[in-house]
């Protein structure tokens, strides 16, 4: 049986840090679903459809990645996708407490759902979508932190 994992997030937009995590996840699992949350309460810069398209382009080189948008409860989404693993990125110790709460709630809702925490490579450990957008808004150079297609889309949004 294939081991299916979900890497959920808002990915507004997807960064090279996210690509680092999903790339390493593809080496551990047979099939990785990059699950892009609608997250309307976060007021994303990019629509769900735009985020899905950007992520599909940025992960096209990874043969066992599927990009899907969702707005369901994570445990329900995982059950519907026949996935038993959630991949979560941890940039800093500060992320751990919140991630632990999520992991426990998800396990309560779906006991067979395991959370696997991956640290980004050192090069990406300090970046987030929010930080990249903020730097770009102030004309800072963010080309190193984003896939090329995402960088172009971000610059177009900010123009």
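Backbone N, Cα and C define each Cβ position, glycine as well.
For residue 10 (ATP binding site), the Cβ neighbour count at a 10 Å cut-off comes to 17, with all displayed protein chains included. Under DSSP, residue 10 (ATP binding site) is assigned to coil, being neither helix nor strand in the three-state scheme. As annotated by Swiss-Prot, ATP binding site applies to 7-11, 18, 89-91, 99, 124-130.
Here Swiss-Prot flags 10, 42, 74, 88 as substrate binding site. Taking Cβ-Cβ distances under 8 Å and a sequence gap of 6 or more within the same chain, the neighbours of residue 88 (substrate binding site) are 7, 8, 99, 102, 103, 115, 116, 117, 118.
Using a 10 Å Cβ-Cβ cutoff, residue 18 (site 'Transition state stabilizer') registers 26 neighbours. The feature site 'Transition state stabilizer' is assigned by Swiss-Prot to 18.
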List, in sequence order, those binding-site residues among 42, 74, 89, 126, 129 whose Cα sits within 10 Å of the Cα of residue 18 (site 'Transition state stabilizer').
89, 129
As a whole number of Å, the Cα atom of residue 74 (substrate binding site) is distant from the Cα atom of residue 129 (ATP binding site) by 21
Among 10, 42, 74, 88, recorded substrate binders, what is the largest CA to CA distance in Å?
19
For residue 42 (substrate binding site), just count the other CB atoms lying within 10 A of its CB, please.
12
Count, for each of the binding-site residues 7, 126, the other C-beta atoms lying within 10 angstroms of its own C-beta, and report the residue with the smallest count.
126
Could you say whether, by DSSP, residue 99 (ATP binding site) belongs to a helix, a strand or a coil region?
helix
